[in-house]
Amino acid sequence: MSVTAAKGFTAAGITAGIKESGSPDLALVVNTGPRRSAAGVFTSNRVKAAPVLWSEQVLKSGEVTAVVLNSGGANACTGPKGFQDTHATAEKAADVLGTGAGEVAVCSTGLIGVLLPMDKLLPGVEAAAGQLSEHGGEKAAIAIKTTDTVHKTSVVTRDGWTVGGMAKGAGMLAPGLATMLVVITTDADLETEALDRALRAATRVTFDRVDSDGCMSTNDTVLLLSSGSSGVTPEYDAFAEAVRTVCDDLGQQLIRDAEGASKDIKVEVVNAATEDEAVQVGRTIARNNLLKCAIHGEDPNWGRVLSAIGTTDAAFEPDRLNVAINGVWVCKNGGVGEDRELVDMRYREVHIVADLAAGDATATIWTNDLTADYVHENSAYSS
């Protein structure tokens, strides 16, 4: 049920004609209240798409009534006209829903540098409003796909309240956030401050640590909306855990659907001096193309892990480094460890542990292997 699993939300997903393929390309999510609290986090890319600039302003009020999402065009690097088009999209949604444009967030995904076909998008907003349903969450999730092969949803239900979400993303997966559009809804009765705190805490250890290809999008948006319709105000820790669970689930789905990937790689850094250094080392390992190629070839090449670690400024002694691949400590104290022939890499999941022996901090980064399919898909993608 995705974003409509929580009470107080309706959604729709339609084909507006934005995509030449004729696939669904426009989604609408509406908070019917009584509360309309909202929080959001956005790309840290300095080149921000028009809908990101618009939605950042909308979120300053802490209230969102509706979210319009389109696939088939990013509306990024489109100048003043692109921002005007985003404003017009919000105005159209506000008009048909009877609210203000300042309470309508807008999200776009697709090709950068191309204006959206507003003659199709604006009528599409009206058509989507006419199809809003408490059961429309799945259709909305399908409508925001680009190179995704599957739509991505997650739901967690606790004692009298629910958190549900949908996400898109398959390429340009790297922090801040990953290339993603995410809408998370809850019927827990919470104010904006609690939503913002929980969302930022969750994204820091989930979406911000998904790093498939090291490329950062211009359009990343994660929104958390509360309708308050359950009438239940949960303890903050319980709510934050539920939000983190949904974000983690959606983040794992992003990795499993990454463009061209044949291996999902969990890079776990342990015994680092600080968490920041653990993240730095994990990200450096995850972005090492030589290692990603080795994993694709089912080669437990621990030397490439050590080489990657050595390019960081994290605290460690080279002769104390240990590396395990799928449970086999192939590197011990900076040299040869257990027999690499013991490493079973036939399956999709690959787990790398890098032990820095420098402290007690840990961090995990998720990535993929590098394949010919990834190169083909991104060389064939129009630019």
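Note that Cβ sites are derived from N, Cα and C of the backbone, with glycine treated the same way.
Source: prediction; values computed, not measured.
These come from Swiss-Prot:
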BINDING   Thr146, Lys168, Thr179, Glu259, Asn378, Ser383  substrate binding site
ACT_SITE  Thr179  active site, nucleophile
DSSP three-state call for Glu259 (substrate binding site): helix, strand or coil?
coil
Helix, strand or coil at Lys168 (substrate binding site), per DSSP?
strand
Within 10 Å of each Cβ, count the other Cβ atoms and name the one among the binding-site residues Thr146, Lys168, Glu259 with the highest count.
Lys168
According to DSSP, does Thr146 (substrate binding site) fall in a helix, a strand, or coil?
coil
